[in-house]
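These come from TrEMBL:
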| type | residues | note |
| --- | --- | --- |
| DOMAIN | 224-378 | domain 'DUF418' |
| TRANSMEM | 14-35 | transmembrane segment |
| TRANSMEM | 56-78 | transmembrane segment |
| TRANSMEM | 98-127 | transmembrane segment |
| TRANSMEM | 139-161 | transmembrane segment |
| TRANSMEM | 199-223 | transmembrane segment |
| TRANSMEM | 235-254 | transmembrane segment |
| TRANSMEM | 266-291 | transmembrane segment |
| TRANSMEM | 311-329 | transmembrane segment |
| TRANSMEM | 341-359 | transmembrane segment |
Amino acid sequence: MAERIESLDFIRGVAVLGILFMNIMAMATPIEAYYSPFWREGLSAWEVPVYHLQSLLFESRFMSIFSLLFGVGLYIQYQSALTKNLPAQARLSSRLRWLLLFGLLHGFLLFEGDILTLYACCGFLLIRLLDLSSKKQWVLAFVLMGLGQLVMLGFVALLMYHDIPIFTAELPLSGTALTTLQQTWTSYPDRLLAQTINFAQFLLFIPLTVLWYNTGLMLIGILLYKNGFFQQSRWLPWGLGCLLLGLISGWGVQQLRITFGLSLDVGFSTILLMMLTGLLSAIGYCSLLMLFTNHHRVLVRLLKQVGRMAFTLYILQSVMVYLIFVWLAPQLWGQLARPELMALVIVLTVFQVWFADFWQRHYGQGPLERGWRYLAYRGFSHK
């Protein structure tokens, strides 16, 4: 079991670092930049190819890995508690309640694109499905994912049918429009108000859509784990096939976006398709990463350290970007293009790897991981 958990730490470490390559677009630029390479005037010729590369390799890919592994983590904790004759449901519920609180604070105060709140909500549903047979879990996983896709598609179709735009901005954003947005998102009171409104809307959106899809993803992760996917090399050909299919279908979604002109509303609606291709690529990425588990020992050790501090580093990412674009250099918000932002993320990635290694060599468990565990289990006789 210990070996399996270490391999999961390694994959989780890569996943949490990969998330920032997409999240940076929602943190340091107008939200329109997340969906379109034509978001402002004066962009270089590199913006479009970097957009396509970013979308193909990162969009929904690492977030899907994170969802798969979150389900695996809950399952492992559940089985461990049962083995020790501990109240598994109560312990997991306590962890999820505190995760929900952390997520709400993160979403309202730092980053409106928080996933912790969503994961906590999915977790409350997921822990009621852990005792089902694998056959029933497979059926439920696909039903939940299909339901989530249908509801999200229906929501987008309803808006488009009634000619209600998802985005109202005209692209590319003019210098005046960008300056106005910059003033809002670099002034803490204005930013806090905007984040509160946007995150509150997301909270209303969760039970209607993404809750079901992500719970299905987490079930898929559990089923893959139970079948030895994260341990046995016999799954490699299947995983690589998923990766190839994910890349090809992802490229197809990109061509669909190009055909419709990469308009914001059409781009947003194709996110649903990219989520499905993201799952295929995520499974493929996990297969490739498993090949490295027993090689490149220094790099693997460092990334395992990152995986063990995934919670801390996820919040740290928001703090770092917030410090840079709100406090230290607010004039850069909305001014850096994709190539520059990708370079910044690489620098921040190196720092996160160093920080995770430094912290665990000197202090052991990550600060948020330690605090979360203490808060969740303080009412139980066995920690």
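Positions of Cβ are set from backbone N, Cα and C atoms, glycine also.
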Outside the transmembrane segment (266-291), six or more residues from its ends: residues with CB under 8 Å to it: 7, 10-11, 14, 35-36, 55, 59-65, 68, 149, 152-153, 156, 160, 166-167, 213, 217, 220, 224, 229-230, 233, 235-236, 238-247, 249-250, 253, 256-257, 260
Distal contacts, the transmembrane segment (311-329) - CB-CB under 8 A, six or more residues away: 16-17, 19-20, 23-24, 27-28, 102, 106, 110-111, 115-116, 185-186, 188, 191, 344, 348, 351-352, 355-356, 359, 366-369, 372
Intrachain residues whose Cβ lies under 8 Å of the transmembrane segment (235-254), provided they are six or more past its termini: 52, 55-56, 59, 61, 227-229, 270, 273-274, 276-288, 290-291
Confidence summary (mean pLDDT) of the domain 'DUF418' (224-378): 91
Distant-in-sequence neighbours of the transmembrane segment (98-127), which means Cβ under 8 A and at least six residues beyond its ends: 23, 26-27, 63, 66-67, 70-71, 74, 78, 89, 92, 192, 195-196, 198-199, 202-203, 206-207, 210-211, 214-215, 218-219, 314-315, 318-319, 322, 368, 372, 375-376
